[in-house]
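A short worksheet on the structure shown next.
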Amino acid sequence: MKTLHTDIAVIGAGTAGLAAYRAAKAAGKRALLIEGGPYGTTCARVGCMPSKLLIAAAEAAHNAAHTEAFGVHVGGEITVDGAEVMDRVKRERGRFVGFVLDGVENIPAEDKLRGYARFVSDTVLEIDDHTQVHASRVVIATGSRPSVPPPFRELGDRLVVNDDVFAWNDLPGRVAVFGPGVIGLELGQALARLGVEVRVFGVSGSLAGISDPQVRQSARKIFQREFYLDPDARVLETKRVGDEVEVRYITLDNAERTERFDYALVATGRRANVDGLGLENTSLELNVHGVPVFDRETMQAGDSAIFIAGDANADAPLLHEAADEGRIAGENAARYPDIRNGLRRAPLAVVFSDPQIAVAGQGHGRLIPGTFVVGEVDFSDQGRSRVMLKNRGLLHVYADIETGRFLGAEMVGPSAEHIGHLLAWAVQQELTVARMLEMPFYHPVIEEGLRTALRDAAAKLALARDALRNETAEQETA
Ligand SMILES: Cc1cc2nc3c(=O)[nH]c(=O)nc-3n(C[C@H](O)[C@H](O)[C@H](O)COP(=O)(O)OP(=O)(O)OC[C@H]3O[C@@H](n4cnc5c(N)ncnc54)[C@H](O)[C@@H]3O)c2cc1C
């Protein structure tokens with residue numbers, strides 16, 4: 001077995017790993033980038049980019065089929081050529097992956113090592129069975145993979161995950177989607193709009209990461225008008241029959257139904273790739289999911305020389321977070337033991353469904369009951385949204401009663417990707433609702449809907465403060 005010595009070993013050449021490697025090199029250290037799978041990153045190969053390409057095709061089909069309300073009649077039948085759709089998805093995906101590969105190509109050969117890494121100790125890694133790497137510090141950036149519950153595994157090649165969808169040469173006829181999280185909802189709706197017959201089954205009512213019960217209910221109703229979606233499904237049996245998947249379930253109107261599908265697309269969550277790393281050979285403390293306990297400001301695991309970034313730490317499995325975390329981990333690995341807090345941004349998550357979903361700042365589920373007010377706008381009568389026939393959805397903004405500070409928001413509705421950015425920026429700037437209402441709002445724009453929600457929050461803040469004042473006065477006179 002070969003032996004290599006380096007300052008910093010980075011395990012995984014995805015978004016987080018590449019950022020960590022570059023930060024370590026920029027700090028003047030020797031660094032080794034270890035990759036076991038294909039180069040190209042999850043985001044470009046089988047994540048953010050191909051999913052958005054499929055969604056773009058779906059939007060084109062949907063828009064073409066919904067022009068009549070404007071008095072615009074597109075002649076003839078609208079057809080979707082599945083092979084052409086998938087060809088474009090793969091071609092464009094290839095371009096994005098190509099940019100990443102060019103970047104990897106530019107990394108000196110002596111800094112790259114192929115193979116899967118396992119810890120032998122805190123500072124020694126074994127790469128497959130060919131190399132032992134001695135590193136003063138290690139960055140774990142091994143990403144995540146789809147987590148597939150055991151009963152689905154019996155479906156063999158009729159079970160697909162997101163990676164498989166983007167390898168299709170044509171669109172199938174019928175797909176059962178399990179898991180209406182972000183990935184399941186995005187892919188399920190896109191396939192439905194491309195003419196695939198889709199059923200989406202969930203458990204416990206959760207939907208696309210929305211924690212606000214009213215926003216979730218609004219989203220649920222909107223999507224249910226378009227395709228079969230049961231976030232709280234009672235699936236009785238899933239089995240393979242010939243080349244098909246048979247699903248027996250209780251329908252939304254309480255009848256038992258058995259249907260056959262070409263595939264079961266399982267999107268029931270993702271699992272951090274830390275289970276095969278030999279973490280038992282390290283000094284690291286692990287949480288209940290087997291993920292090293294780490295500091296999200298420094299990425300350091302305990303007080304060790306090991307840092308963990310990106311999906312591998314299961315904290316905020318999003319592309320921009322992986323890039324930030326990778327950079328912080330690389331910088332701190334280079335500085336170790338003199339580590340520093342890195343820049344963490346206000347939380348922002350977007351779901352590219354139609355209408356889109358956004359969660360900015362603190363979502364409803366993280367707020368302390370009784371400490372905040374909820375400002376609301378229902379988009380059904382919002383001017384610009386109605387003009388464009390995009391008038392569906394609900395925005396809730398949350399504000400702190402004591403300080404008037406804007407805390408966060410959840411929404412399903414038009415342009416959520418843009419409104420979400422405005423709101424996350426406001427959270428990071430620590431703006432109050434009053435200060436946000438001093439900002440310009442053009443007319444007629446969807447942001448006027450946001451202003452309505454903020455005004456509603458301002459009015460409720462005034463009421464809540466009056467109530468607090470009265471309560472205090474009563475207590476003082478009692
Ligand atoms: C379908 C889908 C859609 C998504 N859409 C979005 C989106 O719209 N917006 C967004 O922000 N995020 C999105 N994401 C999430 C985003 O893709 C991830 O958060 C991001 O790619 C994580 O980057 P990473 O560097 O942590 O992991 P990865 O890019 O997966 O890199 C990890 C690397 O580590 C390697 N590796 C693993 N174990 C070892 C080992 N033991 N030794 C050596 N190498 C190893 C792997 O082969 C892999 O190359 C999406 C994800 C999916 C699946």
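Every residue gets a Cβ built from N, Cα and C, even glycine.
Features of the protein shown, as given by TrEMBL:
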DOMAIN    7-326  domain 'FAD/NAD(P)-binding'
DISULFID  Cys43-Cys48  disulfide bond
BINDING   Lys52, Thr142, Gly143, Ser144, Asp311  FAD binding site
BINDING   Gly179, Pro180, Gly181, Val182, Ile183, Gly184, Leu185, Glu186, Gly269  NAD(+) binding site
ACT_SITE  His443  active site, proton acceptor
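Shown on the structure are the features that TrEMBL records.
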residue	record	CB count, 10 Å
Cys43	disulfide bond	22
Cys48	disulfide bond	17
Thr142	FAD binding site	30
Gly143	FAD binding site	27
Ser144	FAD binding site	20
Gly179	NAD(+) binding site	24
Leu185	NAD(+) binding site	26
Gly269	NAD(+) binding site	15
Asp311	FAD binding site	29
His443	active site, proton acceptor	8
Q | Recorded FAD site residues Lys52, Thr142, Gly143, Ser144, Asp311, farthest C-alpha pair in Å | A | 23
Q.
Please list the binding-site residues from Gly181, Leu185, Gly269, Asp311 whose Cβ falls under 6 Å of any atom in ligand 1.
A. Asp311
**Q.** Cα separation, Thr142 (FAD binding site) to Gly179 (NAD(+) binding site) (Å, whole number)
**A.** 24
**Q.** In three-state DSSP terms, the structure that Lys52 (FAD binding site) belongs to
**A.** helix
Q) If you skip the near sequence neighbours and keep only those at least six away, which residues in the chain come within under 8 angstroms of Ile183 (NAD(+) binding site), Cβ to Cβ? A) Ser51, Asn162, Ala267
Q: May I ask which residues of the same chain, at least 6 positions away in sequence, place their Cβ under 8 angstroms from the Cβ of Gly181 (NAD(+) binding site)?
A: Ser206, Ala208, Gly209, Ala267, Thr268, Gly269
Q. If you take the centroid of the Cβ atoms of Gly179, Pro180, Gly181, Val182, Ile183, Gly184, Leu185, Glu186, Gly269, the listed NAD(+) site, which other residues of that chain have their Cβ within 8 Å of it?
A. Val177, Leu187, Gly188, Ala208, Ala267
(Q) Give me the long-range Cβ neighbours of Lys52 (FAD binding site): same chain, 6+ apart, Cβ under 8 Å, in sequence order. (A) Phe352
**Q.** Cα within 10 Å of Gly143 (FAD binding site) - qualifying recorded positions among Cys48, Leu185, His443
**A.** none
Q. Record lists Gly179, Pro180, Gly181, Val182, Ile183, Gly184, Leu185, Glu186, Gly269 as binding NAD(+); longest Cα-Cα distance in Å?
A. 14
Q: Do me a favour and check the Cα-Cα span between Cys43 (disulfide bond) and Asp311 (FAD binding site); whole Å is fine.
A: 11
**Q.** Cα-to-Cα gap, Asp311 (FAD binding site) vs Cys48 (disulfide bond), nearest whole Å
**A.** 13
Q) Could you give the Cα-Cα distance between Leu185 (NAD(+) binding site) and Cys48 (disulfide bond), in whole Å? A) 14
Q) For Cys48 (disulfide bond), which of the recorded positions Thr142, Ser144, His443 has the nearest Cα in space? A) Ser144
Q. Can you give the mean pLDDT for the domain 'FAD/NAD(P)-binding' (7-326), rounded to a whole number?
A. 97
